[in-house]
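Peer 1: Below is one structure. I have some questions about it.
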Amino acid sequence: QSSNSLKASYEDWLLTYGLSISPFHMRWQTALFNRQFYNWGRWRPRFLYLWFSIGMVFGIVAMFGSVILLGKTLMQTLTQMLTEAPKAQNDRMLQVVVSVLSSALGFLLCFILLSCPHQQVPGVNLPVSQLTYFFSAILVSGVIHEVGHGVAAIREQVRFNGFGIFIFIVYPGAFVDLFTTHLQLISPIQQLRIFCAGVWHNFVLGVASFMVLFLLPAILFPFYYTGVGALVTEVAEDSPANGPRGLFVGDLVTNLQDCPVYSVEDWNSCLGDISEKSQVGYCVSAATLQQLSFPARVYRRLDGTVECCSNNSLTDICFSYSNNLNSHLYACLPARKVIEASRVCQTNMDCQKDFVPSFCVTPSLENQTRLIRVKHPPHIDMLYVGHPMHLQYTVSLSSFVPRQNFLSIDLPVVIETFCKYLISLSGALAVINAVPCFALDGQWILNSFLEATLSSLIVEKQNRELVGFLILLAGSALLAANVALGLWMVTAR
């Protein structure tokens, strides 16, 4: 009997605070915000009428557009499954679309796959360190989505019972409780304004986040300046750029080889160009070449490239060059002495200056490996040997440089990253919820749309409901096929 009374008091306590707890699911609902929702719903009625009418048009267009997007994505997925060597561009496009689809329906799967620090998830390489951004953006997107429904419902004279937040395993979300009888009594057009308000608000949130991201240099101008380089904010422990002659937090990178760096975008662009183009050479005079080089055994690596430094030195690199007699000469040279105070070149003709005999010596490295000179004054240049993308993935940078030492170098990065997640995930919720599929906003948008447009053509309500059911069945199958095939394609590689 004591256990029953304890259970009853526990249930009363949950009910008092609007809590509901069940396996894998926790939910909290409150009427604390009702007054605020009613204030929003009654603010400037004409403006809200226009606002949600625009949202209604957007929601209807998004419903049809989502079906077209799903159809194209499914065709691309099937084409890739049947093609032995898919094009890289199509592969990237597929991953982007799959990430949008799986963001809304595969949060749990993504979380499970994130058991490793850099585990690959569908369409996104999401580090555990960014899970806070991920779930915060989901929660904010869900709250804005439900605020749209709630305010639109009050605008259309539908009773608002409360607002709540839930957590399903690890996925956070929000909901509003509306009086169903009122929803059924209003016209289909009024219903459309309410049902489309969620995807409309997600779209607006995505656009607003994009505008903040675009205008961030102007917003932060009093505290941070840009256009002077890429500021190092983090260097991974396993990064090749880590070390006494490497990069440190607070360093300002201004050049990669002869490619100027004014921002993070320039950093990425320069690394991309360096990766795609052949290794540049360096002008060295004949006298210097003879002085620095020392005899070493020349042999070929497994990939066909030539190595001539056999002493396992961390400072010497094999260079190749040509003269008038022989086009395949090799010399093991101290890299820093060769590169510092030397200009880059492609051929010997680029080095003919002041009538001093000079050669264009090029590092003889493994395929895809590059020797990159990174300028970060006032420090000595960093000489990086490896794949350019390894440098890109293990060094975090920011385009914003603090005007004062007490300002955080991470704040602009936090704002940038959060805005990017909001754009991606809020857009994902808008796309997914607009799909005419069971249990999504698209189901109610479709039903109200059919009631508003087919009432005169299909008089019997039962027949209209049958048409809606068949469309929802097809939309649900299309969405399920996209997510299943997309996840299989990405995880099976």
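Backbone N, Cα and C define each Cβ position, glycine as well.
Found this in TrEMBL, in case it helps:
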type: TRANSMEM; residues: 48-71; note: transmembrane segment
type: TRANSMEM; residues: 92-114; note: transmembrane segment
type: DOMAIN; residues: 133-473; note: domain 'Peptidase M50'
type: TRANSMEM; residues: 163-183; note: transmembrane segment
type: TRANSMEM; residues: 203-225; note: transmembrane segment
type: TRANSMEM; residues: 466-490; note: transmembrane segment
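Mind mapping these onto the model and telling me what they sit next to?
Peer 2: Taken together, the residues in the domain 'Peptidase M50' (133-473) have a mean pLDDT of 91 on the 0 to 100 scale.
Under 8 Å from some Cβ of the transmembrane segment (163-183) lie the Cβ atoms of residues 18, 24-30, 33-34, 37, 107-108, 111, 135, 138-139, 142-143, 145-147, 149-150, 153, 157, 191, 194, all in the same chain and six or more residues away from its ends.
Among residues of the same chain six or more beyond the transmembrane segment (203-225), those with a C-beta under 8 A of the stretch's C-beta atoms are 58, 62, 140-141, 144, 399-404, 407, 412, 415-416, 419-420, 422-423, 426-427, 430.
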Peer 1: What residues in the same chain, six or more past the boundaries of the transmembrane segment (48-71), come closer than 8 Å to it by Cβ-Cβ distance?
Peer 2: 41, 97, 148, 151-152, 155, 189, 192-197, 199-201, 203, 430-432, 434-436, 441-442, 445-446, 449, 475, 478-479, 482
